[in-house]
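Asks: Please find one structure pasted underneath; my questions will follow.
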Amino acid sequence: MGDLMKIFNTRTGSKEDFIPQDPFEVKAYVCGPTVYDLCHVGHARTYINFDVLKRYLISLGYRVTHVQNFTDIDEKIDQRAKKEGLSPREVAERFIREYFFDMDSLNVMRATKYTRASEYVPKIIKITERLLELGYAYRSGNTIYFDVEAAGGFGELVKDLKETIVGEIRVQGKRGPFDFVLWRVTGEGFDSPFGRGVPGWHTECVAMSMDTLGETLDIHWGGKDLIYPHHECESLIAKALTGKRFVRYWVHNDFVLIEGEKMSKSSGGKAYIRDILKKYPAEVLRTWILRSNYRTKIEYSEESLEEARVLYEKMRKAAAKSRGKEEMGQCAKDFAATFMSALDDDLETGEALSAVEELSDLILEREVEGAWRIFSLVETILGIKLHTPP
Ligand SMILES: [Zn+2]
């Protein structure tokens, strides 16, 4: 192995050499979906991008322990349950099944372990009690809040909160404007020493990641919208509990835009994976997502998907033409090196695919000795199945 892989760490705002705690194992936690609806193309991007990082790390020889959660305690789940005459659990179970259906179609490797917030309530309660003991939490009325200032304030990921956050509301009973909920007594939900209620979202991920992976994670991945408040709050809770660094590399992928706007839960413009797959093969959707670096915004449009389809068909044709067993000649070796060094450089999947496109053009004109090996990298690392006959 030559140089180390570089990955962009949101904490430092720069590309860093990737060095996990254990030289053989990478511990990664990915924030999973809130299970009240089908997955849209934004979810596809988050999980496909992480999937490629994982596949790449495996190809470098690491064992990747990947834990991912389902947020199955949420008002939106309760609302949908009420509307459909189901229990919240039935709604959550349904959308967990739908999640697996979509991600399996997209060839996203399964996590080592999936956790559900609802199964971690006793651990979440323990954490909340501990934070109260340590003086990092306080009760006000029916809510237990985390005391941001007592814990040293934000700053792990968000450098200037005042500039970033507009309109944080002062709620009566909160000591500081950014204090967040650890437990809310609602009379419904889960029994706890604080009263029957529900936990705050941020504690859930701390409980699940620390329980499964330990006090320090190598990678914590999520969509960019999770940087604040979710990941900033997770980080502060964890540090208050252990005094240690919680995450070595915070990695965030950018949004998918539709007609210039971020797909949000409130707007109508959602492109569900399932609907896209009625028009395009999963391999084309994957190709489309991987044509851009995970840290750039991408605009969802039929034209750009059509472009990805053309590229995919070209790769497939070239892969079929180059199937064989011969060793790589110099030309193929050069392309393989370009492919791998693109991924080494903060997972530049777009550049890796450009190299494959160039190679495909070449193959459609002439023979390239051993080129099949590069298409096998496309399949194993980029996870784009080329369906070449054996
Ligand atoms: Zn999370």
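Cβ coordinates come from backbone N, Cα and C, glycine included.
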Asks: Between the candidate ranges 33-43, 121-131, 132-142, 242-252, where does TrEMBL place the motif ''HIGH' region' annotation?
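Replies: Motif ''HIGH' region', as annotated by TrEMBL, spans 33-43.
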Asks: Looking at 72-76, 262-266, 267-271, which one does TrEMBL call motif ''KMSKS' region'?
Replies: 262-266
Asks: Quickly jot the same-chain residues contacting the motif ''HIGH' region' (33-43) by Cβ under 8 Å, restricted to those at least six beyond its ends, or write none.
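Replies: Residues 70-72, 74, 76-77, 79-80, 91-92, 94-96, 98-99, 102-103, 223, 255-256, 263, 270-274, 276, 285, 300 contact the motif ''HIGH' region' (33-43) from elsewhere in the chain.
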Asks: Beyond the listed site residues Cys31, Cys205, His230, Glu234, identify every same-chain residue whose Cβ lies within 8 Å of the center of their Cβ atoms for the Zn(2+) site.
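Replies: These residues sit around the Zn(2+) site: Trp201, His202, Glu204, Val206, His220, Gly222, Leu226, His231, Cys233.
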Asks: Pick the one among the binding-site residues Cys31, Cys205 whose Cβ has the fewest other Cβ atoms within 10 Å in this structure.
Replies: Cys31
Asks: Can you count the other CB atoms that lie within 10 A of the CB of Glu234 (Zn(2+) binding site)?
Replies: 27
Asks: Near His230 (Zn(2+) binding site), which residues of its own chain have a C-beta under 8 A away, given they sit six or more steps off in sequence?
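Replies: Same-chain residues close to His230 (Zn(2+) binding site) (Cβ under 8 Å, separated by 6 or more) are Cys31, Trp201, His202, Cys205, Gly222.
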Asks: Reduce the DSSP letter at Cys205 (Zn(2+) binding site) to three states and note it down.
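Replies: Cys205 (Zn(2+) binding site) sits in a helix per DSSP.
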